[in-house]
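Below is one structure, written out as structure tokens; comments come after it.
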Amino acid sequence: MVIESEINDKKRGLESSSPTINDPKKVKVESPSSGKEDGEVDEVTSSPASRETSSSKLMSPSKNQSSSSSRSYHDSNNGYRRKDERYSSSRSYDRNYRDRDISRDGDRERDRDRERDRDRDRDRDRDRDRDRDRERDRDRDRDRDRDRDRDRDRDRERERERDRDRNSQERGSRNSHERDYRDNRDYSRDSRDNMDSRDNKNGSRQSINNNTLSYEKQADRKDEVRVKDNISVNDDKTNHGENLTNESITATSTNEPTKPAVIIEEDEETKTKRILEENRLQRQLIMEKYNKEQPQPITSSLSTTEKEQSNTNTNSNSTPVATTTTSILAKSPSNLENQIEEEDESIIIEWRKDQNSENSSAFNDNNNDESCSSEEDLKKRGKIKEEDIKAKDKPITTTTTTTTINNVSIKLPPKPEPIKAKTSAPVFDMFSDSPSDETDESNRDLNETNGGGVMVDANIVVNPSINLSDNWDDADGYYKFRVGEIMDKYQIFSPIGSGVFSTVVSAKETKTNEDVVIKIIRNRPSMHRSGLKEIEILQKISNTPTSSNQKSHCIQMKDHFNYRNHLCIVFEPMSMSLHQLIKKYGKDIGLSLNAVRVYAKQLFLALKHIKNSKILHADIKPDNIVVNEAKNTIKIVDFGSAGEIHESEITPYLVSRFYRAPEIILGHKYDYSIDVWSVGCCLAEFFTGKFLFPGKTNNDMIRLFMEYRGAFSKKMLKKSEFVSNHFNENLVFMKQEIDNIEKTVRKVPHDITKPTKDILQFLLPKNVSIPDQDMKKLIQLKDLIEKCTILDPEKRITPFEALNHEFLKPF
């Protein structure tokens with residue numbers, strides 16, 4: 001617009017400055033005869049007298065033609081001038097536009113250079129932080145190596161002190177042996193000198209007795225030394241035999257040269273008789289004590305049972321507790337301790353982490369350590385009622401009587417007359433409608449099969465005198481089974497345990513004599529439906545094909561049937577759960593690294609098979625993982641909480657709390673990755689014997705998650721339903737604390753952005769050192785656990801990826 005206005009002003013100026021043909025004073029005349037150049041204009045001023053003449057001339061035709069030519073000339077000049085002005089204005093516009101573009105490009109280039117400098121500074125800061133982190137890690141590794149070397153030196157010094165003590169004890173034992181031999185030799189010489197010829201025989205017997213006593217003392221000392229060092233014991237035996245032979249030959253070289261061999265034989269025979277006599281007296285004292293507490297018929301049957309059981313082979317794997325008890329009573333205390341120690345060592349030597357630890361062999365089923373059960377969570381989810389949880393703590397109800405000798409429970413043989421037990425709850429005799437001969441025969445066959453009895457808790461002593469054929473359950477819906485009872489085609493062998501949903505017993509198939517485990521579901525409609533759902537899932541898992549060289553590592557269901565309004569599921573037998581294995585062989589110290597590797601590979605194979613079956617287990621924990629007798633194969637059991645992926649419900653109480661994934665607590669959509677999280681928690685517990693996330697509440701669990709794994713992503717928190725229970729509107733974690741004074745729960749902001757705890761320090765404390773090869777494997781285990789416990793379920797490792805992890809490869 002500015003340019004157009006300038007052009008119009010120029011046009012107006014030109015029009016005002018150009019002469020017109022109507023101007024009477026100025027006339028352009030072209031005179032070719034004059035000396036002026038072409039294009040010059042003469043201005044002629046006419047007088048008033050000549051105006052008339054000129055006006056008359058203008059009226060003539062020739063004058064009109066000259067005026068028209070002059071007008072066309074002026075018009076052409078004006079057109080040229082306008083074109084030039086228009087062209088110059090357009091060129092100036094292009095020049096301005098081009099200058100403006102150049103300035104814009106310069107500004108853009110300057111911004112680009114500024115951004116490049118900013119990126120360069122940012123990269124420099126990042127490199128500086130990375131170098132600082134590397135230096136910090138290097139210092140941490142250096143400190144860890146220094147601590148490891150210090151621990152190794154301390155262990156080496158401890159071993160040297162132990163060797164020093166052992167050598168001093170060996171020297172003391174040798175000196176005591178030599179002193180006893182000298183005293184023995186002098187005493188035997190003096191006794192022979194003072195003996196008369198008629199008391200020769202008595203004197204020889206006395207020397208035999210003296211030598212027997214010294215031999216027993218030496219044998220006892222040798223037993224003590226054997227526990228400390230077997231090699232030194234063998235040397236002591238050799239020296240003792242040489243000294244004894246030389247001294248015997250010296251003492252009797254003049255009279256009886258063959259007597260030393262006779263003395264040794266008589267010593268061994270006397271020692272055997274003494275041990276038998278002590279055992280007989282011990283049994284007699286026990287029987288006298290037992291006779292005071294029990295009626296005479298029970299005593300006679302017990303003694304008969306003991307005589308039968310004393311002839312059985314105690315090394316058999318199927319030997320029940322009663323047989324073991326009588327064999328224990330028939331041994332001396334020192335021999336008993338040695339035998340138990342050797343048997344335990346032969347079983348657990350490959351699975352202990354520390355064979356010299358006293359805690360590794362401590363095991364008590366009644367130990368009330370802190371554990372996590374899903375029963376309270378089932379109550380919160382509405383699956384079970386309050387009285388169902390209380391019913392779990394009640395003892396298993398059977399009609400088997402027991403007695404206790406030296407804190408060992410022994411099943412008594414069946415008696416012709418009913419015996420009243422100490423418990424007040426009356427229980428019927430479910431075999432009362434059968435002939436007594438058949439009942440006695442079945443019990444007799446069971447005793448012969450079981451070796452005379454089974455281990456039964458003393459709390460299950462009941463009164464079998466009640467006869468109610470229409471009532472098979474107790475008040476809580478548990479089936480009141482009886483040892484020896486035949487259910488369908490299976491004969492009950494012994495009780496195993498009871499839970500909220502069922503009672504578990506061991507049994508044998510009557511035709512094939514095959515060992516099985518029967519799960520007897522409680523007589524409740526909801527639990528019956530859960531049992532049917534478990535059967536359906538087990539059938540689906542068993543029908544899913546596996547790889548040719550792999551196993552499913554899931555418990556196999558053999559049969560199922562209904563018996564007296566109870567759904568019964570038959571499984572293959574296994575030894576114990578991994579929870580019991582850790583309590584027995586690795587309490588507070590865990591299992592060996594190789595055992596954890598073997599178990600981890602089998603667990604991921606099981607997860608892979610379960611995922612291929614489109615099933616979520618939703619309750620993986622050491623209690624639901626069983627191991628075989630050889631302790632080299634594990635299987636996942638208890639699919640009562642399992643289901644298909646489309647059946648999953650958003651609830652914060654799914655899975656046992658210590659093994660519960662964060663997406664369950666936050667109310668986020670979950671899938672098969674919750675089982676991977678549970679397996680990661682189990683692996684840490686296998687190696688340490690302790691819980692990785694021992695939270696008391698869901699809020700406490702989230703705090704532990706963030707301390708070990710860092711903060712949650714805001715994207716995940718925004719998609720969760722229960723995020724308001726644990727985070728504020730700014731997505732800051734709110735820690736729940738209990739006010740001890742007001743007894744109220746208050747929420748305190750507890751912002752955690754980075755991990756404050758390390759899983760490697762949880763696996764290996766600072767005061768523990770392991771070999772370098774095991775350290776490499778332990779770092780791989782830590783990496784596998786971290787990938788299994790990633791907070792985001794979409795980034796968590798899958799079972800197939802875990803099977804290719806470095807930790808699962810052999811050493």
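Heads up, the Cβ atoms here are built off N, Cα and C, so glycines get one too.
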Field: Listed in Swiss-Prot for the ATP site shared with ILE496, GLY497, SER498, GLY499, VAL500, PHE501, SER502, THR503, VAL504, one of LYS480, LYS511, LYS519
entry: LYS519
Message: So the record assigns ILE496, GLY497, SER498, GLY499, VAL500, PHE501, SER502, THR503, VAL504, LYS519 to ATP. If I measure every Cα pair among those residues, what is the longest distance in angstrom, as a whole number?
response: 14
Field: Pairwise Cα distance for SER498 (ATP binding site)/ASP619 (active site, proton acceptor) [Å, integer]
entry: 17
Message: Validating a neighbour-count step here. Other CB atoms within 10 A of the CB of VAL504 (ATP binding site): how many?
response: 17
- request: Could you round the CA separation between ASP619 (active site, proton acceptor) and ILE496 (ATP binding site) to a whole angstrom and send it over?
  value: 21
- prompt: If you count the other Cβ atoms within 10 Å of each Cβ, which of the binding-site residues SER498, SER502 comes out on top?
  reply: SER502
Query: Per residue, counting other C-beta atoms within 10 angstroms of the C-beta, which of the binding-site residues ILE496, VAL500 reaches the highest number?
result: VAL500
- prompt: Taking DSSP three-state, what's ASP619 (active site, proton acceptor) in: helix, strand or coil?
  reply: coil
